[in-house]
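J.: Questions regarding the structure given below will be posed in turn.
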Amino acid sequence: MLGVTARGQLVFTNGAWGLKQQWTDARQRRGFGDDMSAGRNLRAWLKEQLCDYSADQDTRLHNAACVGDIDTIRTLLQDEQFLRRIDERLVWCSGWLPCSPLRIAATAGHADCVDLLIRYGAQLELVDVKGQTPLYVATENGHLDCVQVLLKAGANPNGSLHNRSSPVYNSARVGRADILQELIRYGADVDIDHQLLFRGSGSSLRSLASSPLYISAAYHNVSCFRLLLEAGANPDYNCWSAECLANLPRSGPSCLLDAILQHGFDHEIVQLLIDFGADLNLVQGDPSAEQHFHLSQNPKALQLYKEAKCSPRSLSQICRITVRRALGKKRLSSARTLPLPPRVLKYLLYEES
(Lines of atoms letter the chains of each structure in order from A and count residues from 1; the text may use other names and numbers.)
(Lines give C-alpha, C1' and ligand atoms only; values in the text may rest on other atoms or scores of the structure.)
Protein backbone atom coordinates (compact mmCIF):
# COMPACT_ATOMS: atom_id res chain seq x y z
CA MET A 1 0.00 0.00 0.00
CA LEU A 2 0.99 3.61 -0.53
CA GLY A 3 1.03 5.93 2.45
CA VAL A 4 2.07 9.47 3.31
CA THR A 5 3.35 10.18 6.80
CA ALA A 6 2.48 13.25 8.83
CA ARG A 7 5.60 14.92 7.43
CA GLY A 8 4.57 14.30 3.84
CA GLN A 9 6.96 11.40 3.36
CA LEU A 10 6.03 8.70 0.86
CA VAL A 11 6.17 5.12 2.08
CA PHE A 12 5.43 1.89 0.21
CA THR A 13 4.41 -0.64 2.82
CA ASN A 14 4.12 -3.56 0.41
CA GLY A 15 6.45 -2.59 -2.40
CA ALA A 16 9.79 -3.58 -3.83
CA TRP A 17 11.19 -0.06 -3.66
CA GLY A 18 10.78 2.54 -0.92
CA LEU A 19 10.64 6.14 -2.15
CA LYS A 20 10.49 7.83 1.23
CA GLN A 21 13.95 9.39 1.05
CA GLN A 22 13.61 10.32 -2.63
CA TRP A 23 10.37 12.19 -1.95
CA THR A 24 11.88 13.97 1.06
CA ASP A 25 14.94 15.03 -0.94
CA ALA A 26 12.80 16.24 -3.84
CA ARG A 27 10.68 18.37 -1.51
CA GLN A 28 13.77 19.91 0.06
CA ARG A 29 15.26 20.75 -3.35
CA ARG A 30 12.05 22.53 -4.30
CA GLY A 31 11.80 24.41 -1.03
CA PHE A 32 8.70 22.67 0.34
CA GLY A 33 8.02 23.05 4.05
CA ASP A 34 7.05 20.32 6.47
CA ASP A 35 3.29 21.00 6.39
CA MET A 36 0.79 18.65 4.78
CA SER A 37 0.24 21.06 1.87
CA ALA A 38 3.28 19.44 0.28
CA GLY A 39 1.16 16.31 -0.23
CA ARG A 40 -0.67 18.09 -3.06
CA ASN A 41 2.54 17.86 -5.09
CA LEU A 42 2.91 14.11 -4.61
CA ARG A 43 1.01 13.08 -7.72
CA ALA A 44 3.02 15.44 -9.93
CA TRP A 45 6.25 14.16 -8.40
CA LEU A 46 5.26 10.56 -9.06
CA LYS A 47 4.58 11.41 -12.69
CA GLU A 48 7.97 13.06 -13.04
CA GLN A 49 9.94 10.31 -11.33
CA LEU A 50 8.22 7.11 -12.40
CA CYS A 51 6.25 7.55 -15.62
CA ASP A 52 7.75 6.08 -18.77
CA TYR A 53 7.36 9.37 -20.61
CA SER A 54 6.59 12.99 -19.85
CA ALA A 55 3.61 13.86 -17.65
CA ASP A 56 1.61 15.40 -20.49
CA GLN A 57 1.16 12.12 -22.38
CA ASP A 58 -2.31 11.16 -23.59
CA THR A 59 -3.93 8.92 -20.93
CA ARG A 60 -7.11 8.04 -22.81
CA LEU A 61 -6.12 4.38 -23.13
CA HIS A 62 -5.34 4.16 -19.41
CA ASN A 63 -8.57 5.91 -18.45
CA ALA A 64 -10.61 3.59 -20.67
CA ALA A 65 -8.95 0.57 -19.04
CA CYS A 66 -9.84 1.99 -15.63
CA VAL A 67 -13.57 2.30 -16.34
CA GLY A 68 -13.84 -0.80 -18.52
CA ASP A 69 -14.66 1.05 -21.75
CA ILE A 70 -13.75 -1.75 -24.13
CA ASP A 71 -15.08 0.05 -27.22
CA THR A 72 -12.77 3.01 -26.63
CA ILE A 73 -9.83 0.68 -26.02
CA ARG A 74 -10.54 -1.17 -29.27
CA THR A 75 -10.84 2.10 -31.20
CA LEU A 76 -7.66 3.59 -29.75
CA LEU A 77 -5.63 0.47 -30.47
CA GLN A 78 -6.49 0.78 -34.16
CA ASP A 79 -4.18 3.81 -34.05
CA GLU A 80 -0.53 2.82 -34.43
CA GLN A 81 0.47 5.55 -31.97
CA PHE A 82 -1.56 3.99 -29.14
CA LEU A 83 -0.60 0.46 -30.13
CA ARG A 84 3.08 1.34 -29.72
CA ARG A 85 2.32 2.70 -26.25
CA ILE A 86 0.21 -0.22 -25.04
CA ASP A 87 2.69 -0.94 -22.23
CA GLU A 88 3.32 2.68 -21.29
CA ARG A 89 3.18 3.28 -17.53
CA LEU A 90 1.37 6.51 -16.75
CA VAL A 91 -0.58 8.09 -13.90
CA TRP A 92 -4.19 7.94 -15.11
CA CYS A 93 -7.41 9.66 -14.09
CA SER A 94 -8.07 7.72 -10.87
CA GLY A 95 -4.61 6.62 -9.83
CA TRP A 96 -1.43 7.78 -8.16
CA LEU A 97 1.05 5.13 -9.26
CA PRO A 98 2.19 4.93 -12.89
CA CYS A 99 0.72 1.74 -14.37
CA SER A 100 0.21 0.08 -17.73
CA PRO A 101 -3.33 -0.24 -19.16
CA LEU A 102 -3.27 -4.00 -18.54
CA ARG A 103 -2.33 -3.53 -14.90
CA ILE A 104 -5.14 -0.96 -14.52
CA ALA A 105 -7.78 -3.19 -16.14
CA ALA A 106 -6.72 -6.18 -14.02
CA THR A 107 -6.97 -4.08 -10.85
CA ALA A 108 -10.46 -2.90 -11.74
CA GLY A 109 -11.66 -6.38 -12.70
CA HIS A 110 -12.49 -5.74 -16.36
CA ALA A 111 -11.77 -9.21 -17.76
CA ASP A 112 -12.93 -8.34 -21.28
CA CYS A 113 -10.53 -5.39 -21.39
CA VAL A 114 -7.73 -7.56 -20.00
CA ASP A 115 -8.34 -10.11 -22.74
CA LEU A 116 -8.42 -7.46 -25.48
CA LEU A 117 -5.20 -5.79 -24.31
CA ILE A 118 -3.44 -9.15 -24.21
CA ARG A 119 -4.59 -9.96 -27.76
CA TYR A 120 -3.13 -6.64 -28.89
CA GLY A 121 0.23 -7.55 -27.37
CA ALA A 122 0.27 -6.12 -23.84
CA GLN A 123 3.10 -7.55 -21.73
CA LEU A 124 1.84 -10.04 -19.15
CA GLU A 125 4.76 -9.66 -16.73
CA LEU A 126 5.27 -5.90 -16.79
CA VAL A 127 5.47 -4.76 -13.16
CA ASP A 128 4.51 -1.48 -11.55
CA VAL A 129 6.72 0.47 -9.15
CA LYS A 130 5.75 -1.94 -6.36
CA GLY A 131 6.83 -4.99 -8.35
CA GLN A 132 3.23 -6.11 -8.91
CA THR A 133 2.24 -7.95 -12.08
CA PRO A 134 -1.27 -7.70 -13.57
CA LEU A 135 -1.95 -11.21 -12.23
CA TYR A 136 -0.95 -10.17 -8.72
CA VAL A 137 -3.28 -7.18 -8.61
CA ALA A 138 -6.13 -9.24 -10.09
CA THR A 139 -5.55 -11.77 -7.31
CA GLU A 140 -5.24 -9.10 -4.64
CA ASN A 141 -8.56 -7.55 -5.67
CA GLY A 142 -10.35 -10.90 -5.94
CA HIS A 143 -11.10 -10.86 -9.67
CA LEU A 144 -11.30 -14.56 -10.54
CA ASP A 145 -12.32 -13.93 -14.16
CA CYS A 146 -9.26 -11.71 -14.72
CA VAL A 147 -7.03 -14.29 -13.05
CA GLN A 148 -8.34 -16.97 -15.41
CA VAL A 149 -7.79 -14.80 -18.49
CA LEU A 150 -4.23 -13.93 -17.46
CA LEU A 151 -3.27 -17.50 -16.55
CA LYS A 152 -4.72 -18.87 -19.78
CA ALA A 153 -2.64 -16.31 -21.69
CA GLY A 154 0.53 -17.56 -19.99
CA ALA A 155 1.04 -15.23 -17.02
CA ASN A 156 3.52 -16.49 -14.43
CA PRO A 157 1.36 -17.87 -11.56
CA ASN A 158 4.13 -17.03 -9.09
CA GLY A 159 4.12 -13.30 -9.83
CA SER A 160 7.35 -11.30 -9.86
CA LEU A 161 10.54 -11.75 -7.85
CA HIS A 162 10.53 -7.97 -7.41
CA ASN A 163 7.54 -8.22 -5.09
CA ARG A 164 7.80 -9.55 -1.55
CA SER A 165 4.40 -11.22 -1.80
CA SER A 166 2.93 -13.60 -4.37
CA PRO A 167 -0.49 -14.43 -5.82
CA VAL A 168 -0.54 -17.72 -3.88
CA TYR A 169 0.33 -16.05 -0.59
CA ASN A 170 -2.30 -13.36 -1.05
CA SER A 171 -5.02 -15.85 -1.99
CA ALA A 172 -4.18 -18.01 1.02
CA ARG A 173 -4.31 -14.98 3.31
CA VAL A 174 -7.72 -13.71 2.21
CA GLY A 175 -9.26 -17.17 1.83
CA ARG A 176 -9.94 -17.15 -1.91
CA ALA A 177 -9.81 -20.91 -2.45
CA ASP A 178 -11.25 -20.52 -5.96
CA ILE A 179 -8.40 -18.25 -7.06
CA LEU A 180 -5.83 -20.39 -5.24
CA GLN A 181 -7.09 -23.48 -7.06
CA GLU A 182 -6.64 -21.75 -10.43
CA LEU A 183 -3.10 -20.70 -9.54
CA ILE A 184 -2.24 -24.25 -8.49
CA ARG A 185 -3.79 -25.64 -11.68
CA TYR A 186 -1.40 -23.50 -13.71
CA GLY A 187 1.66 -24.64 -11.77
CA ALA A 188 2.09 -22.06 -9.00
CA ASP A 189 4.66 -22.96 -6.35
CA VAL A 190 2.85 -23.52 -3.06
CA ASP A 191 6.04 -23.15 -1.00
CA ILE A 192 8.65 -20.45 -0.58
CA ASP A 193 11.88 -21.45 -2.35
CA HIS A 194 14.00 -23.05 0.36
CA GLN A 195 17.15 -21.61 -1.22
CA LEU A 196 15.96 -18.17 -0.13
CA LEU A 197 15.70 -19.21 3.49
CA PHE A 198 19.38 -18.83 4.27
CA ARG A 199 20.96 -15.40 4.24
CA GLY A 200 24.65 -14.88 4.76
CA SER A 201 26.98 -16.88 6.97
CA GLY A 202 24.61 -16.71 9.92
CA SER A 203 22.05 -18.88 8.09
CA SER A 204 19.18 -16.96 9.64
CA LEU A 205 15.81 -18.42 8.71
CA ARG A 206 12.95 -16.64 7.07
CA SER A 207 9.93 -16.02 9.28
CA LEU A 208 7.18 -18.60 9.28
CA ALA A 209 4.79 -15.80 8.36
CA SER A 210 6.21 -15.80 4.82
CA SER A 211 4.73 -19.26 4.23
CA PRO A 212 1.36 -19.52 2.44
CA LEU A 213 0.55 -22.46 4.72
CA TYR A 214 1.13 -20.46 7.87
CA ILE A 215 -0.76 -17.38 6.72
CA SER A 216 -3.79 -19.44 5.69
CA ALA A 217 -3.79 -21.08 9.13
CA ALA A 218 -3.40 -17.72 10.88
CA TYR A 219 -6.48 -16.39 9.10
CA HIS A 220 -8.44 -19.63 9.70
CA ASN A 221 -8.73 -20.40 6.00
CA VAL A 222 -8.91 -24.18 6.34
CA SER A 223 -10.00 -24.80 2.73
CA CYS A 224 -6.94 -22.92 1.43
CA PHE A 225 -4.70 -24.73 3.92
CA ARG A 226 -5.92 -28.09 2.62
CA LEU A 227 -5.54 -27.04 -1.02
CA LEU A 228 -1.91 -26.10 -0.40
CA LEU A 229 -1.16 -29.44 1.27
CA GLU A 230 -2.93 -31.36 -1.50
CA ALA A 231 -0.71 -29.53 -4.00
CA GLY A 232 2.41 -30.67 -2.15
CA ALA A 233 3.20 -27.82 0.25
CA ASN A 234 5.78 -28.84 2.84
CA PRO A 235 4.00 -29.60 6.16
CA ASP A 236 7.33 -29.13 7.95
CA TYR A 237 7.92 -25.67 6.52
CA ASN A 238 10.93 -23.83 7.95
CA CYS A 239 12.64 -27.02 9.10
CA TRP A 240 14.06 -29.45 6.55
CA SER A 241 17.00 -30.94 8.43
CA ALA A 242 19.05 -31.00 11.62
CA GLU A 243 21.02 -28.04 10.22
CA CYS A 244 17.82 -25.99 10.01
CA LEU A 245 16.84 -26.99 13.53
CA ALA A 246 20.25 -25.97 14.89
CA ASN A 247 19.97 -22.51 13.35
CA LEU A 248 16.51 -21.71 14.65
CA PRO A 249 16.27 -19.23 17.54
CA ARG A 250 15.56 -21.05 20.80
CA SER A 251 12.70 -18.76 21.71
CA GLY A 252 10.79 -19.32 18.48
CA PRO A 253 8.80 -22.27 17.14
CA SER A 254 10.82 -25.01 15.49
CA CYS A 255 8.41 -25.70 12.62
CA LEU A 256 4.95 -24.96 11.29
CA LEU A 257 3.22 -27.47 13.59
CA ASP A 258 5.03 -26.06 16.63
CA ALA A 259 3.89 -22.52 15.78
CA ILE A 260 0.30 -23.63 15.20
CA LEU A 261 0.16 -25.43 18.54
CA GLN A 262 1.71 -22.50 20.40
CA HIS A 263 -0.66 -19.95 18.90
CA GLY A 264 -3.86 -21.92 19.37
CA PHE A 265 -4.91 -22.30 15.75
CA ASP A 266 -7.87 -24.45 14.68
CA HIS A 267 -7.69 -28.14 15.53
CA GLU A 268 -8.63 -28.92 11.90
CA ILE A 269 -5.30 -27.38 10.88
CA VAL A 270 -3.40 -29.66 13.25
CA GLN A 271 -5.29 -32.72 11.99
CA LEU A 272 -4.47 -31.83 8.38
CA LEU A 273 -0.77 -31.46 9.18
CA ILE A 274 -0.80 -34.87 10.87
CA ASP A 275 -2.66 -36.45 7.94
CA PHE A 276 -0.27 -34.96 5.37
CA GLY A 277 2.84 -36.25 7.11
CA ALA A 278 4.15 -33.50 9.37
CA ASP A 279 7.09 -34.72 11.46
CA LEU A 280 5.73 -34.69 15.00
CA ASN A 281 9.23 -35.05 16.44
CA LEU A 282 10.22 -31.59 15.21
CA VAL A 283 8.08 -30.02 17.93
CA GLN A 284 10.53 -29.36 20.73
CA GLY A 285 9.39 -29.97 24.27
CA ASP A 286 5.79 -30.00 25.44
CA PRO A 287 3.62 -27.33 23.72
CA SER A 288 1.33 -27.33 26.76
CA ALA A 289 4.19 -26.76 29.21
CA GLU A 290 4.21 -23.89 31.66
CA GLN A 291 6.47 -21.65 29.56
CA HIS A 292 3.73 -21.48 26.90
CA PHE A 293 0.86 -20.56 29.20
CA HIS A 294 0.93 -16.95 28.02
CA LEU A 295 -0.12 -18.11 24.56
CA SER A 296 -3.74 -18.71 23.54
CA GLN A 297 -3.55 -22.46 23.08
CA ASN A 298 -6.28 -24.69 21.68
CA PRO A 299 -6.89 -27.68 24.02
CA LYS A 300 -8.45 -29.79 21.26
CA ALA A 301 -5.51 -29.17 18.94
CA LEU A 302 -3.04 -30.08 21.70
CA GLN A 303 -4.94 -33.27 22.41
CA LEU A 304 -4.85 -34.27 18.73
CA TYR A 305 -1.10 -33.74 18.66
CA LYS A 306 -0.49 -35.78 21.83
CA GLU A 307 -2.64 -38.66 20.62
CA ALA A 308 -0.91 -38.70 17.23
CA LYS A 309 2.53 -38.69 18.82
CA CYS A 310 1.61 -41.66 21.00
CA SER A 311 0.11 -43.63 18.09
CA PRO A 312 2.33 -44.53 15.13
CA ARG A 313 0.91 -43.95 11.66
CA SER A 314 -0.57 -46.92 9.85
CA LEU A 315 1.37 -48.59 7.05
CA SER A 316 -1.11 -47.28 4.47
CA GLN A 317 -0.64 -43.71 5.74
CA ILE A 318 3.14 -44.04 5.59
CA CYS A 319 2.94 -45.44 2.05
CA ARG A 320 0.72 -42.56 0.90
CA ILE A 321 3.05 -39.92 2.37
CA THR A 322 6.12 -41.65 0.90
CA VAL A 323 4.64 -41.99 -2.61
CA ARG A 324 3.48 -38.36 -2.66
CA ARG A 325 6.91 -37.13 -1.61
CA ALA A 326 8.56 -39.32 -4.24
CA LEU A 327 6.31 -37.81 -6.90
CA GLY A 328 7.16 -34.27 -5.80
CA LYS A 329 5.07 -31.12 -6.10
CA LYS A 330 5.42 -30.76 -9.86
CA ARG A 331 4.15 -34.27 -10.62
CA LEU A 332 1.36 -34.53 -8.07
CA SER A 333 -1.11 -32.98 -10.50
CA SER A 334 -0.45 -35.90 -12.87
CA ALA A 335 -1.01 -38.57 -10.22
CA ARG A 336 -4.44 -39.42 -11.68
CA THR A 337 -2.72 -40.89 -14.73
CA LEU A 338 -0.87 -43.51 -12.67
CA PRO A 339 -1.83 -47.13 -13.50
CA LEU A 340 -3.43 -47.74 -10.11
CA PRO A 341 -6.88 -48.95 -9.02
CA PRO A 342 -9.36 -46.06 -8.60
CA ARG A 343 -9.65 -46.62 -4.86
CA VAL A 344 -5.88 -46.43 -4.40
CA LEU A 345 -5.73 -43.23 -6.46
CA LYS A 346 -8.45 -41.64 -4.35
CA TYR A 347 -6.56 -42.55 -1.20
CA LEU A 348 -3.32 -41.17 -2.62
CA LEU A 349 -5.04 -37.87 -3.45
CA TYR A 350 -6.76 -37.63 -0.05
CA GLU A 351 -10.17 -38.01 -1.62
CA GLU A 352 -10.79 -41.07 0.54
CA SER A 353 -9.62 -41.76 4.08
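Placement of Cβ uses the backbone N, Cα and C atoms for every residue, glycine included.
Because TrEMBL annotations are produced automatically, they should be read as predictions rather than curated entries.
Annotations for this protein, taken from TrEMBL, read as follows:
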DOMAIN    311-353  domain 'SOCS box'
REPEAT    100-129  repeat 'ANK'
REPEAT    130-158  repeat 'ANK'
REPEAT    163-195  repeat 'ANK'
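Please situate the listed features within the shown structure.
T.: Averaged across the domain 'SOCS box' (311-353), the predicted model reaches a pLDDT of 93.
Non-local neighbours of the repeat 'ANK' (130-158) in the same chain are 12, 14-17, 97, 100, 102-103, 105-111, 114-115, 118, 124, 164-168, 170-171, 174, 176, 178-179, 182-183, 185-189; each lies 6+ residues outside the stretch with a CB under 8 Å from one of its CB atoms.
Packing against the repeat 'ANK' (163-195) from elsewhere in the chain are residues 14-16, 127, 130-133, 135-136, 139-140, 142, 144, 147-148, 151, 157, 206, 210-213, 215-216, 219, 221, 223-225, 227-228, 231-234, 237, 240, 329-330, 333: each is 6 or more residues past its ends and has a CB under 8 Å from a CB in it.
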J.: In terms of Cβ proximity under 8 Å, which residues at least six beyond the ends of the domain 'SOCS box' (311-353) contact it?
T.: 184-185, 187, 189-191, 230-233, 275-277
J.: Within the repeat 'ANK' (163-195), count helix residues (DSSP H, G, I), strand residues (E, B) and coil residues, in that order.
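T.: Secondary-structure composition of the repeat 'ANK' (163-195): 19 helix, 0 strand, 14 coil.
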J.: Going by DSSP, how much of the repeat 'ANK' (130-158) is helix, how much is strand and how much is coil, in residues?
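T.: For the repeat 'ANK' (130-158), the helix, strand and coil counts are 16 helix, 0 strand, 13 coil.
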